[in-house]
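To start, the structure under review is shown below, and the notes come after it.
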Amino acid sequence: MLKLIYYQFNYSKKQWLGTLPVLLVSSLIIGTSMSGIFNITKHTEIFKYLADPTPLFEMIIFFGGLTLFLLISGLINFLISIFKEDYQLWTVLGANRSQLSLLIGGQLFLVTFIFSIATTILSTYLAGGYYSLIQSFVGEKSLPSIPFSFDWRAALLSLFTVPLIAGASGYYYSRKLLKIGALDREKISNKRRPLHLITKGSFALLVLGLWLNCIYLLYSASFTSSLNVRFDRLSSIFFMLLLHLLIIYLLTPYLQIFQLKFLSKVLAKSNYAMILAKWTILHKPSYLKSLQSSVAMGITLISGFLLLAQNISARFQTDSVTETKVSFLAFLAAPIVVILANVISVTILSSYQDLKDVKQLSILGVSKQNHLWLLLSYSLIHSLIVFLTSLLFNLVILAMVMFGVHLFNYSMVDYTPVFTIDLLVSVLLFVFIFITKFISILHANSLDITKNA
């Protein structure tokens with residue numbers, strides 16, 4: 001099996017290299033955290049009478065690893081769609097679901113392990129830089145200087161942690177996708193289908209229960225409640241923010257497809273570019289899920305954090321600016337960087353399919369000008385869907401923050417993060433998609449010119 005994993009990886013290594021951004025960034029984050037934790041444990045006597053800085057590095061692992069685990073399912077789905085013909089051939093040759101899942105997970109482990117070798121060397125320097133950055137915020141009295149040196153235990157852990165997470169996630173999600181017929185929708189087992197729906201429905205009810213519980217915990221508090229109770233209830237807003245990430249992941253691409261069908265009735269009644277862009281998006285649900293979930297999660301994280309920091313943290317902390325900076329680095333920096341890297345990886349992987357689409361449309365007689373209008377429509381629809389999805393979840397957090405501030409008889413300081421971050425990222429996404437797809441068209445045209453010559 002190891003030989004098959006190696007041969008299959010060697011055969012499709014160009015496509016697997018498309019995962020370089022997200023896996024490389026994840027390896028850097030884990031390596032930095034491990035190096036920081038082990039270097040701090042070497043100098044525990046310095047922090048004997050001070051706050052232990054280890055959680056600053058532990059939070060990076062937890063939130064970065066959790067984000068990676070969620071987003072990697074989209075990558076696996078995308079990779080399966082790219083390698084669909086190869087895996088169908090393996091099925092014809094007698095490979096079962098477990099063997100195919102092991103093949104995919106093994107390749108993901110292999111490519112991540114290769115990236116981790118390079119990042120392990122850099123982790124010590126990054127850990128020292130991260131520590132110095134936080135020290136510049138809080139001061140040397142609160143966070144004394146310590147020497148950062150290479151640690152073999154940290155190196156070994158960072159070398160295998162991300163590959164194991166990626167490989168296990170690859171095996172789990174591949175097995176899950178293949179179970180519900182990712183290779184051949186016509187061969188979905190009727191016996192397993194009801195069980196799959198029951199499991200999915202039960203999990204959805206659990207998430208809904210947690211969501212309603214967060215609402216109840218906050219809104220059951222009142223002015224007559226004690227100060228400690230009111231402060232405790234504010235934590236439900238932060239938990240709701242994290243829960244929204246899971247909900248976005250679960251609802252994608254179903255929520256986006258619903259919005260797309262609604263937008264098509266408004267924008268695409270007679271516009272050929274909008275109609276063609278709509279069906280192009282619907283034809284690639286794996287790309288839709290990977291891109292939309294990543295960007296919507298990033299916007300929700302940033303907007304929600306800014307709402308909490310500017311309207312709640314600033315009220316009750318003596319040095320709110322410093323607390324906000326440190327909290328952002330500890331809780332949100334790693335997930336945001338992983339999300340950004342995932343968007344780049346998804347874009348690289350989609351470029352292989354874009355070449356085929358461009359050639360097919362050119363054969364059907366679509367001119368370069370029509371291609372341009374199609375790209376504009378395609379980019380506009382994606383950015384509009386991201387804007388609407390993020391706005392929906394941001395409004396929930398805004399309502400909870402407004403009530404939380406009202407509990408202490410304060411007024412809101414700033415509403416703008418709900419809209420400004422959403423609008424800014426949506427515009428950037430529009431530009432990013434347009435440029436990357438435009439490059440794919442130029443590349444496809446250059447290949448055609450080369451062949452004709």
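Glycine is no exception: its Cβ is also placed from the backbone N, Cα and C atoms.
Here is what TrEMBL says about this protein:
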- 62-180: domain 'ABC3 transporter permease C-terminal' (DOMAIN)
- 20-40: transmembrane segment (TRANSMEM)
- 60-80: transmembrane segment (TRANSMEM)
- 101-134: transmembrane segment (TRANSMEM)
- 154-174: transmembrane segment (TRANSMEM)
- 195-219: transmembrane segment (TRANSMEM)
- 234-255: transmembrane segment (TRANSMEM)
- 294-314: transmembrane segment (TRANSMEM)
- 326-352: transmembrane segment (TRANSMEM)
- 372-403: transmembrane segment (TRANSMEM)
- 423-442: transmembrane segment (TRANSMEM)
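Counting same-chain residues at least six beyond the ends of the transmembrane segment (372-403), those with a Cβ under 8 angstroms from any Cβ of the stretch are 214-215, 218-219, 236-237, 240-241, 244, 247-248, 255-256, 259-260, 263, 267, 271, 273-274, 276-278, 280-281, 291-292, 295-296, 299-300, 303-304, 307-308, 311-312, 361, 366, 412, 415, 417-419, 422-423, 425-427, 429-431, 433-434, 437-438, 441.
Sequence-distant contacts of the transmembrane segment (294-314) (same chain, at least 6 residues past either end, Cβ-Cβ under 8 Å): 67, 70-71, 74, 234, 237-238, 241, 244-245, 248-249, 252, 320, 323-324, 327-328, 331-332, 335-336, 339-340, 342-343, 346, 386, 389-390, 393-394, 397-398, 401, 404-405, 412-414, 417-418, 421-422, 425-426, 429. Note: the stretches the transmembrane segment (60-80) and the transmembrane segment (326-352) are in contact (3+ CB pairs below 8 A, sequence gap of 6 or more). Within its own chain, the transmembrane segment (326-352) is flanked in space by residues 15, 18-26, 29, 55-56, 59-60, 63-64, 66-68, 71, 74-75, 78-79, 82, 130, 133-134, 137-138, 284, 287, 290-291, 294-295, 297-298, 301-302, 305, 309, 313, 432-433, 436, 439-440, 443, which lie at least six positions past its ends and keep a Cβ under 8 Å from the stretch. Sequence-distant neighbours of the transmembrane segment (20-40) (same chain, 6+ residues past either end, Cβ-Cβ under 8 Å): 47, 52-54, 56-58, 60-61, 64-65, 68, 71-72, 75, 111-112, 115-116, 118-120, 122-124, 126-127, 130-131, 146-149, 151, 153-155, 157-158, 161-162, 165-166, 334, 337-338, 340-342, 344-345, 348. Ranked by Cβ pairs under 8 Å to the transmembrane segment (101-134), the stretches 154-174, 195-219, 423-442 are led by 154-174. Residues 23, 26-27, 30-31, 33-35, 37-39, 65, 68-69, 72-73, 76-77, 80, 100-102, 104-110, 112-113, 116-117, 119-120, 123-124 of the same chain, all 6+ positions outside the transmembrane segment (154-174), place their C-beta atoms under 8 angstroms from a C-beta of that stretch. Remote same-chain partners of the transmembrane segment (195-219), defined as residues 6 or more beyond its termini with a Cβ less than 8 Å from a stretch Cβ, comprise 179-180, 233-234, 236-237, 239-240, 243, 246-247, 250, 400, 403-404. In terms of DSSP secondary structure, the domain 'ABC3 transporter permease C-terminal' (62-180) contains 100 helix, 0 strand, 19 coil.
For the domain 'ABC3 transporter permease C-terminal' (62-180), the model gives a mean pLDDT of 81.
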